[in-house]
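Annotated in TrEMBL:
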DOMAIN    34-433  domain 'Major facilitator superfamily (MFS) profile'
TRANSMEM  35-59  transmembrane segment
TRANSMEM  71-89  transmembrane segment
TRANSMEM  101-120  transmembrane segment
TRANSMEM  126-146  transmembrane segment
TRANSMEM  158-179  transmembrane segment
TRANSMEM  191-216  transmembrane segment
TRANSMEM  255-278  transmembrane segment
TRANSMEM  290-312  transmembrane segment
TRANSMEM  319-338  transmembrane segment
TRANSMEM  344-370  transmembrane segment
TRANSMEM  382-402  transmembrane segment
TRANSMEM  408-429  transmembrane segment
Amino acid sequence: MSHEPDELTLEKQTSSLRCLIDSPEQRRRLYKRTLMTVVLSQIFGGAGLAAGVTVGALLAQDMLGTESFAGIPSALLTLGSAVAALLVGRLSQRAGRRIGLAAGFFAGGIGAVGVVLAAVAHSVPLLFLSLLIYGAGTATNLQARYAGTDLALPNQRATAVSTAMVSTTFGAVAGPNLVEVMGGFATSIGVPALAGPFILGAAAFLLAGLVFLLFLRPDPLLVANAIAKAQKSELGSQSDVRTSMGKAGINGRGIIVGATVMILTQIVMVAIMTMTPVHMKHHGHGLSEVGLVISIHICAMYLPSLLTGVLVDKIGRTAMSFASGAILLLAGLTAALAPADSMFLLVTALALLGLGWNFGLISGTALIVDATDPTTRAKTQGSIDVLVALAGASGGALSGMVVASSSYATLSLAGGFLALLLIPVGIWYQSSKKVAKSESMSA
């Protein structure tokens, strides 16, 4: 049974949004207003995201009594985000970004509450279930970046993604630095200290969802769908539409390469990031030092986004994916060689890790948006984010086992060299584009 909007629904949407379809100026205003809404929501979403990243592994280690399974929370969180990415993507395609993103953040908030209750009851099954649900907030936090691209022009897409991502920095950096404060607050109300950041996470995700529910109107994806339908009507037959879309339409190579870039960067980033707090704690670093390293890491993941977006739009998606691979390799080498007591080198390694991920995510996202049209975009994006989340889950689950059986240095080196696969992927994409261009010219 098809889940695509029927013709009557599309016709109603087109009629109600006619003023936006006919007025480029009104679309520009809506585009700017949409970005402002995304920015506000992402500030809250970033704080919620940071809670699980900072203390999830430590909470599990405390409750399970072993370091070998410290990567399981990250795996569960990202596995939950995989399921949520699919559901949020499909819900967004059917009902719009507003409903899909709000529902995802609300689910994440409920999951954070469950983690707190699990810590109080010392219930490992409830902890695992809650981390799965909490993953919905993580998935939604990433999918929100697409909302800013729905009405963006092709040369604005990476910049739109970067605007959404940089706003996440404010909450994401504040979150880890509030670990001790929230831990103290949690202790004062009879909750284990390591569950404190999840109290912040619950409030942050619920507020992020509320912002989308109240302010993301008119829905940018529904507007983009209506515009696409109007353009199809004007152009006439479907063959004419395909001709007019050219390489800007559905493009299998672009989807494959964009997804591969995001998957590889996610595996490397999650694996090394997950075990860094455990590695630091094992060598005598306190929670405040762990929070500082993770906050700088998350800052590097998001803060450079505005510049990254401009670079991706100006010098190209493929070039920036090459840069991502090189920086992730450098991050892995630095983490592997850093003495355990060197805060400077650990901070440097995690900052490079965040920057490499940033380059990869924005260039990969831009490739995906370039290769899809509004009628299938949200569903395709959700499906790809499932693969990204599953990749992160694999990296998180395996990271603890690798460190337990070998060392943190081995994990870091493996991640760095894995990132080099971005280079042949990019070369293949560039060569296939040249072949397609020459075939098009000869035809």
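Glycine is treated like the rest: Cβ placed from N, Cα and C.
Distant neighbours of the transmembrane segment (101-120): 41, 45, 48, 51-52, 59, 63, 80, 84, 87-88, 91-92, 126-127, 129-141, 143-144, 147, 186, 190-192, 194-195, 198-199, 201-206, 208-210, 212-213, 216; these residues of the same chain sit at least 6 beyond its ends, with a Cβ under 8 Å from one of its Cβ atoms.
Against the transmembrane segment (126-146), stretch 71-89 shows more Cβ pairs under 8 Å than any other of 71-89, 158-179, 290-312, 319-338. Taking residue pairs at least 6 apart in sequence, the transmembrane segment (191-216) and the transmembrane segment (382-402) share fewer than three C-beta contacts under 8 angstroms.
A contact between the transmembrane segment (408-429) and the transmembrane segment (191-216) is absent, since fewer than 3 of their C-beta pairs, 6 or more residues apart, lie under 8 Å. Ranked by number of Cβ pairs under 8 Å to the transmembrane segment (255-278), the listed stretches 71-89, 158-179, 191-216, 344-370 are led by 344-370.
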